Amino acid sequence: MTTGFLQKIFGSRNQRLVKQYQKTVATINALETQIEKLTDDQLRGKTDEFRQRVAAGESLDKLLPEAFAVCREASRRVLKMRHFDVQMIGGMVLHYGKIAEMRTGEGKTLVATLPVYLNALAGRGVHVVTVNDYLAQRDAEWMARLYNFLGLSVGINLSGMEHDQKQQAYAADITYGTNNEFGFDYLRDNMVYETDARVQRALNFAVVDEVDSILIDEARTPLIISGQAEDHTELYVRMNALPPLLERQIGEEKADGTGVEKPGDYTLDEKARQVFLTESGHEKAERLLAEWGLIGEGESLYAPQNITLMHHVYAALRAHTLFHKDQHYVVQNGEVVIVDEFTGRLMAGRRWSDGLHQAVEAKEHVKIQSENQTLASITFQNYFRMYAKLAGMTGTADTEAYEFNEIYGLETVVIPTNRPPKRIDKQDQIYKTAKERYDAVIRDIRDCYERGQPVLVGTTSIENSELLSHLLKQVGLPHEVLNAKQHEREAAIVAEAGRPKRITIATNMAGRGTDIVLGGNAEKQAAFIEADDAIPADEKARRIQKLHDEWETLHEEVKAAGGLHIIGTERHESRRIDNQLRGRAGRQGDPGSSRFYLSLDDPLLRIFAGDRVRSIMDRLKMPEGEAIEAGIVTRSIESAQRKVEARNFDIRKQLLEYDDVSNDQRKVIYQQRNELLEAHDITETITAMRHGVITEVVRQFVPEGSIEEQWDVPELEEALRNDWQLDLAIQEMVNESSSITAEEILDAVMTAADEQYEAKVAMVGRESFSAFERSVMLQTVDRLWREHLAALDHLRQGIHLRGYAQKNPKQEYKREAFELFAAMLDAIKQEVTRIVMNVQIQSPEQLEEAAEQIEERGGHLENVEYQHADYADAGAPVANVTAAAAATATADMVGSAMTHSGPGGEMPKVGRNDPCPCGSGKKYKQCHGKLS
């Protein structure tokens with residue numbers, strides 16, 4: 001109450017910020033007359049003037065009014081678009097590293113040019129991040145005209161580009177690209193063998209378009225570069241026969257033995273998307289697997305030799321019971337393609353993790369592709385937090401403002417609209433069954449069609465969009481279907497969705513990023529005419545003018561009919577996605593309306609609010625076909641959505657807490673890798689490793705400060721001979737001297753090791769041997785880091801069970817991950833020392849050839865996939881793109897094959913006396929800095 005009273009007097013923080021920015025807008029507007037008088041060359045010359053002032057120490061904040069005024073004038077001349085005052089406010093919000101919430105149609109693409117231009121003046125690079133290649137290319141080509149006019153270079157970073165093209169794109173002042181590609185480039189940069197092979201510069205400033213989609217919706221799905229692991233294809237096929245033989249149990253057994261309505265072999269938890277075998281289910285599965293010869297007679301599924309079979313049993317069960325064709329995936333060209341649950345788009349190339357995708361392939365009887373092994377991974381949360389400054393824009397961020405602030409430290413500012421919104425959001429209508437709901441939707445669509453009002457119908461799955469399409473065909477209503485199956489036609493369909501009588505069905509936010517203009521998009525049609533060289537210039541002008549005249553008539557016709565009408569066929573689990581659908585109507589002050597039609601069969605209502613609403617309907621004795629339309633029900637649904645949002649936030653936060661552990665370790669490894677790449681000579685590092693390893697070996701058989709009776713000299717001699725190629729007569733030394741000490745034995749072994757090393761260096765020269773050492777070191781670090789990631793995955797999967805032992809799983813994970821990391825560092829030292837000590841050199845040429853072989857293979861990777869997988873639950877998508885620019889290093893003389901990949905950003909350095917980022921409390925030099 002007090003807060004509300006104070007807000008009335010002083011305004012909310014959002015209002016105060018907007019008012020503060022309006023003062024700066026007044027300053028910019030005052031400069032407009034002066035800037036308008038400049039010639040094109042003088043306007044372009046302002047960029048060089050600004051750059052010199054920045055180089056001389058002037059801050060970007062101080063430069064902002066002039067730079068924004070110049071950018072606005074350039075946009076007016078080149079793009080024929082002048083930034084509105086509210087767009088200037090949006091630009092300031094982005095420059096100050098915040099999130100700008102701007103309604104659909106308010107010109108977010110144009111807003112981004114202001115902070116991008118200003119920050120590009122510093123010369124450290126600016127990244128503009130979009131959700132797909134189409135938008136990245138469209139925006140880059142569109143805005144490049146403005147930036148090039150002002151003397152700035154623009155690069156586009158797309159998937160599948162050549163290495164040289166990527167380097168050029170990142171070297172530009174401004175780089176447009178997708179979130180996936182920026183993240184994968186970072187991982188690849190930290191898998192290269194030469195500093196010249198990197199593509200990214202330091203991560204300076206990023207403007208993220210559709211920031212909610214990238215930093216919230218996709219935050220649970222890490223980017224993963226993986227290679228093929230062991231093949232279990234046949235096992236998936238055999239396991240696919242199991243689920244149809246098992247029956248679902250209805251109801252959960254309570255402590256008193258009641259609650260089970262129908263006994264069965266497994267139970268489903270739809271909220272958690274998990275399936276569990278019951279006791280009878282275990283027995284039945286074991287009996288069937290024994291009959292098929294997959295386990296021994298009378299053996300348990302939990303026997304050590306059968307534990308991997310459990311993974312396959314549950315993968316097959318989940319594939320059959322929780323993942324459904326045309327809802328969660330489609331089968332296309334003999335492949336299982338995931339459908340994005342947020343946008344309804346097909347995610348070609350992405351794969352589910354934990355063997356789920358292979359199980360679904362077995363279920364659909366298509367070719368089963370092999371499982372993968374992680375080579376490198378990072379979450380978007382940790383990738384984007386590495387930028388020195390981060391900003392974002394979207395039409396719907398306010399509902400997630402707390403999460404943006406909590407996870408990323410980003411404040412959300414709601415930008416006022418240029419014109420007051422006129423959209424009417426009607427109350428939800430709730431029906432008992434899906435049939436009644438669809439009947440009501442068809443009635444509403446028919447009514448709009450007869451009045452000439454365009455309709456956009458939002459569905460949550462391909463299955464629902466095709467069902468609705470079938471119903472519309474039955475009643476003879478012409479329509480367009482915009483779902484993942486029509487991806488190529490998406491932009492064209494959306495552009496025309498505002499024409500009179502146009503009916504468009506879209507899965508969730510398909511077509512996001514393209515405006516729906518009332519009356520249709522004349523600009524797009526005009527562009528086609530402009531691009532047709534067969535049409536004479538005067539004919540082009542006549543046709544384009546005719547187009548614009550027709551558009552004016554249609555535009556007024558649609559406005560008179562009420563503008564675009566939005567129909568939602570069910571509520572999404574996130575209010576934000578619902579708001580995005582509504583936001584397609586009422587752009588730039590146009591009229592519009594929206595309404596959601598729900599049924600008690602909808603997953604959200606069934607799981608979270610169904611019983612309450614059903615009891616209300618029963619008490620009111622609602623006849624068939626009658627809808628509830630009441631605030632209390634709408635509030636009940638929004639309450640259910642808030643519960644789901646809170647649960648999803650907890651999942652993302654928990655994922656981040658776990659991922660922070662591996663992220664800190666990743667920083668250490670990548671920093672040390674970069675230091676290795678940049679060092680001219682790593683002799684000191686190799687020598688320190690050798691001394692440490694040899695000391696450990698000797699101490700194992702001749703403990704420090706011990707007496708002769710405690711020594712095991714024959715075993716020491718054998719270990720040195722077999723593992724380190726050191727043939728020393730230590731027993732003779734002991735026999736000849738009655739007073740020899742453990743320290744003297746260590747010195748003798750160390751001297752022999754140093755001499756052997758120096759002899760190899762002398763044979764080929766310091767430079768050649770150092771290049772070989774660097775290659776070996778990088779190959780070993782990468783291979784053991786890859787194995788460490790797999791170990792962390794396994795640790796993660798079972799760590800929740802520690803809770804049953806009254807232990808904190810997060811603390812246990814942190815402790816054990818630290819122990820695994822320390823063991824990995826020791827293994828790196830052991831492995832590198834062993835290879836360098838054992839390498840047999842015949843000639844300098846042979847050594848150079850070996851080093852080149854490692855590096856060449858380190859720059860090319862076969863059978864590599866780029867995945868966007870979900871650790872949090874195996875039902876999340878994994879992107880797999882066969883790699884052109886990733887890496888394998890395999891050298892017979894060095895050890896087992898390792899898989900690798902291209903380019904990366906710079907890590908913030910950790911000082912040697914700073915606390916170690918792993919959280920152990922020790923200094924970095926005494927902890928994970930030991931390797932350097």
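Cβ coordinates are placed from backbone N, Cα and C, and glycine is handled just like the others.
Site annotation for ATP in Swiss-Prot covers Gln87, Gly105, Glu106, Gly107, Lys108, Thr109, and the matching candidate from Asp439, Asp444, Asp447, Asp515 is Asp515. DSSP assigns Gly105 (ATP binding site) to coil in the three-state reduction, placing it in neither a helix nor a strand. The Cβ neighbour count for Gly105 (ATP binding site), using a 10 Å radius over every protein chain in view, is 21.
Taking every pair among Gln87, Gly105, Glu106, Gly107, Lys108, Thr109, Asp515, the residues listed as contacting ATP, the largest Cα to Cα separation comes to 17 Å. The Cβ of Glu106 (ATP binding site) has 23 neighbouring Cβ atoms from other residues within 10 Å, across all protein chains displayed. With a 10 A radius on its CB, Gly107 (ATP binding site) counts 19 other CB atoms from all the protein chains.
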